[in-house]
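Visitor: Before I ask anything, let me first share the structure, which is written out below as structure tokens.
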Amino acid sequence: MYQFLIIVILAAFVNGAQEKTECQQHRERETRSRAPLPLRLIPECDENGEYKPLQCFKDSKFCACWDKTGQPMTEPKQGIKACECIVQRETVQKIRGLIGAFTPQCEEDGKYSKMQCHGSTGHCWCVEQVSGRNVTAPVRGRLEC
């Protein structure tokens, strides 16, 4: 009986260790691929095994923003530095039923615009460009960031 229990535990451990996320499987496939590197993107996965928002082509200046499921949200282009703003903006735009929902304004490089304004309320505030974290309180009207 004791040996049977050990075998079951080992089988469960081995089976659990083999389960990989879609991103991890995709990364392995691309790592093994023989396609030329400039044409190939080896996806980066986060600690949970989901796709990281910023995905860049190896040995290239071209990057794109992807959602957690591996769907590209932007075309690959040079100069993309961050994707949190683009991911947040696209998520809000997919949920069209939220009248009055705040949609962040993003720069061409994917960072948050320094000044964010809520179209429904007329309030504006300054944010940290990479994280989107507020650095000023919202005020009515525009302000200098």
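Using the three backbone atoms N, Cα and C, a Cβ is placed for every residue, glycine included.
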Visitor: From the disulfide entries in Swiss-Prot, identify which of C23, C83, C85 pairs with C45.
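Guide: Matching partner in the record: C23.
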Visitor: Determine, on the basis of Swiss-Prot, the cysteine among C56, C63, C106 paired with C85 in a disulphide.
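Guide: Looking through C56, C63, C106, the record in Swiss-Prot gives C106 as the partner of C85.
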Visitor: Which whole-number value in Å describes the distance between the Cα atoms of C126 (disulfide bond) and C117 (disulfide bond)?
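Guide: Each residue's Cα considered, C126 (disulfide bond) and C117 (disulfide bond) end up 9 Å apart.
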Visitor: Just name the winner among C23, C85, C126, C145 (the disulfide-bonded residues) by count of other CB atoms within 10 A of its CB.
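Guide: Most Cβ neighbours within 10 Å: C85.
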Visitor: I want to verify one value. Collapsing DSSP to three states, which class is C106 (disulfide bond)?
Guide: strand
Visitor: Looking at the disulfide-bonded residues C45, C56, C106, C117, C124, which sits with the largest number of other Cβ atoms within 10 Å of its Cβ?
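Guide: Within the set of disulfide-bonded residues, the most crowded position is C106.
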